[in-house]
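Novice: Pasting the relevant annotations from Swiss-Prot:
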| type | residues | note |
| --- | --- | --- |
| SIGNAL | 1-33 | signal peptide |
| DOMAIN | 53-275 | domain 'Saposin B-type' |
| DISULFID | Cys55-Cys212 | disulfide bond |
| DISULFID | Cys58-Cys200 | disulfide bond |
| DISULFID | Cys110-Cys172 | disulfide bond |
| CARBOHYD | Asn159 | N-linked glycosylation site |
| COILED | 159-185 | coiled coil |
| REGION | 221-282 | region 'Disordered' |
| COMPBIAS | 255-266 | compositional bias 'Acidic residues' |
Amino acid sequence: MEPLPEPASGPRPRPHRLLLLSLLLLLLPLLPAPELGPRQARAEDTDWVRLPSKCEVCKYVAVELKSAFEETGKTKEVIDTGYGILDRKASGVKYTKSDLRLIEVTETICKRLLDYSLHKERTGSNRFAKGMSETFETLHNLVHKGVKVVMDIPYELWNETSAEVADLKKQCDVLVEEFEEVIEDWYRNHQEEDLTQFLCANHVLKGKDASCLAEQWSGKKGDTAALGGKKSKKKSGRAKGLGGGSSKQRKELGDLDGDPSPEEDEGIQKASPLTHSPPDEL
């Protein structure tokens, strides 16, 4: 049998090419990672911070406008315009129908949104509400009991305004300025119409997503946020028996009920300082 012909061998790689390839493989892990595009960056940010939509902003602007107009509409004050002095006729305008009331309400309306908190345990626009969120209420209760809570957020910043609420106020300033004439038109001519429908559905969100306007929060038993941050407290039987008692007695009763004062709360947490560590240590 004739021996099989040996396969033709190709050109051997040159040594300098092998060296270059080795260097590339070594340097590859050290190369910087490609930067995320705007869409990718926003997608990652949504896992932690989700800024309010225009629908959410308009919804709570309307809520606070209604509340402010209701609060200022109970007075019977009459504003003296200064006219009619020469003809000795009484001159004045009811505060409830005055320009002054409209100006005072619209100039302070956005500051009211800073009373809101972010409730991440809720969905949709209901995540914005007054009062402490369920999550932080639980954490505060743990601190009251002397439990050491480990979080990335320092204890002093627990009650600070969140990025979402700060943006809610910022967008409110822009919205009120942009739709100032619409609010004024409602105030003068259309107060019989619902302000949320008139301002948001008919103007601000016309042709846009307005689904959040229909979202409502029924609230849970004992949920302070559903009551605007106010939680009614019933007197205990011992407190009633004492008829109110002295401040010292009330303080002792408060200690027995396990409801520490703000000073005690801060003292407890200072005794158990928070340390920065990964979230999974909570």
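For all residues, glycine too, the Cβ spot is worked out from N, Cα and C.
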Novice: Round to a whole number and give the Cα-to-Cα distance in Å for the pair Cys58 (disulfide bond) and Cys172 (disulfide bond).
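Specialist: Pair distance, Cα basis, whole Å: 8 Å.
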Novice: Can you tell me the mean pLDDT for the coiled coil (159-185)?
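Specialist: When the pLDDT values over the coiled coil (159-185) are averaged, the result is 94.
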Novice: Which of these disulfide-bonded residues is closest to Asn159 (N-linked glycosylation site) if you go by CA atoms: Cys55, Cys110, Cys172, Cys212?
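Specialist: It is Cys110, whose Cα lies nearest.
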Novice: Check each residue in the chain of Cys212 (disulfide bond) that is at least six apart in sequence and keep those whose C-beta is under 8 Å from its C-beta; list them in sequence order.
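Specialist: In sequence order, Ser53, Cys55, Glu56, Lys59, Gly124, Ser125 meet the Cβ cut-off.
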Novice: Distance between Cys110 (disulfide bond) and Cys200 (disulfide bond) at the Cα atoms, whole Å?
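Specialist: So the Cα of Cys200 (disulfide bond) lies 16 Å away from that of Cys110 (disulfide bond).
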Novice: Counting only residues 6+ away in sequence within the same chain, which have a CB under 8 Å from the CB of Cys172 (disulfide bond)?
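Specialist: The answer is Val57, Tyr60, Val61, Ile109, Cys110, Leu113.
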